[in-house]
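Positions annotated as domain 'HMA' by TrEMBL: 22-88, 97-163. Summarising the annotation, TrEMBL assigns transmembrane segment to 189-210, 230-248, 455-474, 494-514.
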Amino acid sequence: TIEDVGFQATLIQDETSDKSTQLCRIGINGMTCTTCSTTVEKALQAIPGVQNVRVALATEAAEVHYDPKILNYNQILAAIEDTGFEATLISTGEDMSKIHLQVDGIRTDHSMRMIENSLQALPGVHGIGVDSGVHKIAISYKPDMTGPRNFMKVIESTGSGRFKARIFPEGGGGRENLKQEEIKQYYRSFLWSLVFTIPVFLTSMVFMYIPGIKHGLDTKIVNMLTIGEIIRWVLSTPVQFIIGRRFYTGSYKALRHGSANLDVLISLGTNAAYFYSMYSVLRAATSPHFEGTDFFETSSMLISFILLGKYLEVLAKGKTSEAIAKLMDLAPETATLLTLDEDGNVISEEEIDSRLIQRNDVIKIIPGAKVASDGYVLWGQSHVNESMITGEARPVAKRKGYTVIGGTVNENGVLHIKATRVGSESALAQIVRLVESAQMAKAPVQKFADRISKYFVPLVIILSFSTWLAWFLAGKFHSYPESWIPSSMDSFQLALQFGISVMVIACPCALGLATPTAVMVGTGVGASQGVLIKGGQALESAHKVNCIVFDKTGTLTVGKPVVVSTKLLKNMVLRDFYEVVAATEVNSEHPLAKAIVEYAKKFREDEDNPLWPEAHDFISITGHGVKATVHNKEIMVGNKSLMLDNNIDIPPDAEEML
């Protein structure tokens, strides 16, 4: 052992335990506040085999580290659904990719089971999820062993040509569609609540001041029961029990697991107003002398305003994920797949969905196209703009054997690349995963807010009851002037209104959502600018930083080169010089050429759309420069190699600068 040879040894990390730990990411639909996320977290932590759990309310997702020898991700999904929330598997393991395929031609469940068994037999397939309703198959697999085109071949061969497989239209399993559907649901609920609430508001708050209408609404039907009260009761009931049903469901889920959330406060507050109003209406119908006031507009308007707030909340949460969507958009939608013979000659080309690329595929990248996958160059030479990934302002020269990154832009030459890292292994996928993990991480201030939120709802209920009791007793013992009581109320109703107000204006969601939403926006905006922030703790600590030292000279840029100075070695008017240079470079797609043309426009600021002299016989030489004929003169713009290849002597002054 190490200690036997005279050295002290301490175990830093047990690698064997790491190998027995697997990570899965799960989307959770239906969480509304910190209490919900805490409930899910506790339920998962109670499962044997779960080692670490992070549940993020703002992203509506969970990261679970678990021992695959003890449980699988299906048991984790079931545990979340037992708490009353919808759970969707996003990914399993860092080295796992996932794809969703739609299979056309399936008529029976037996056919689906047959396909499932055929896929399960493939090496590298880790898990299969089937949705028979839409004929969708979700496949988790190791990209170094198999890939989506293999799955499609197996599916099509299983049914003797009857089945056809394609990428599922929703791509990533429909999480974005779920978010859009949630936004639509809240929007529809809010509009429907307005349909009922506006008439309730008008009959109770506006029409009472219009004599003719007031007389009609005050017409008594039975004893002291009026037409206005019946209208308000009928209109507010659908808002309370149909449109507001989601709050009862949320309350039940929370209370079932021994916690209380915002839904509990809303249910208590609106039910107090509704059922007291119902009591008032029934008393009026059965008593010839009872003069009470209903609060139907209170319950209806509260539910409508809360639905508006929820709609704005889910809308804001949807926008915070746009930065990740923009990162994903860096990858091209299609790719040109090449088939080579034994000698490396191209036999055929086929345009495929970029999500169908597998390891060791040979992909053709034309000038101006995005690199479809991480890999290395098999043939060709070009310059690739990697600024969106690395921040490097200048295009990087690429030739045979050089590595390329998926999502970067090929500038001028044609490249044939061999895919090495695809799916979840790609650099782009890892960056997205890093940003998602950063958004999951809780900042220290958020942990503090979560602790407060835990006791917030019970405290609000106690304060609300205390407020009602204090005002009720004060009214009972005439501790305040009777002029404070509105003519349409008594002291009990006034106290009830104060109690309800305390209950419904308190919102623990603000505490639970403020910090994670700020972290989501911060990390998302940072990622879109090429800055990767590893979570809320880094952001929280950043305000203490006085000085930042960068060692990225020439790389820390906006990713767009500009001309900063010009030195002419011959007597020539600068405007004339840039006229012929811009006339040559305007035909090039190279970023340096674009920078020169942009700078040359300064000499023609008086022209809205400057026209450069016509350039004839334009030639772009990859890795060297360009040449053309302008005003009957041969113009060359490029590097030292271009000049030497064309037998142009380089003056000593120019040699010093080169």
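From the backbone N, Cα and C atoms, a Cβ is placed for every residue, glycine too.
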Residue numbers, six or more beyond the limits of the transmembrane segment (230-248), whose CB comes under 8 Å of its CB atoms: 189, 192-193, 196-197, 199-200, 203-204, 217, 221, 263, 266-267, 270-271, 274, 277-278, 281, 294, 296-297, 299-300, 303-304, 306-307
The domain 'HMA' (97-163) - residue tally per DSSP class, helix then strand then coil: 23 helix, 21 strand, 23 coil
Other parts of the chain folded back onto the transmembrane segment (455-474), taken as Cβ under 8 Å at six or more residues beyond its ends: 35, 259-262, 264-265, 268-269, 480, 491-492, 494-496, 498-503, 506, 508, 511
Long-range environment of the transmembrane segment (189-210) - Cβ separation under 8 angstroms, sequence gap at least 6: 217, 228, 231-232, 235-236, 238-239, 243, 246, 294, 296-297, 300-301, 303-304, 307-308, 311
Segment confidence, the domain 'HMA' (22-88), expressed as mean pLDDT: 85
Within the domain 'HMA' (22-88), residues counted as helix, strand or coil by DSSP: 22 helix, 24 strand, 21 coil
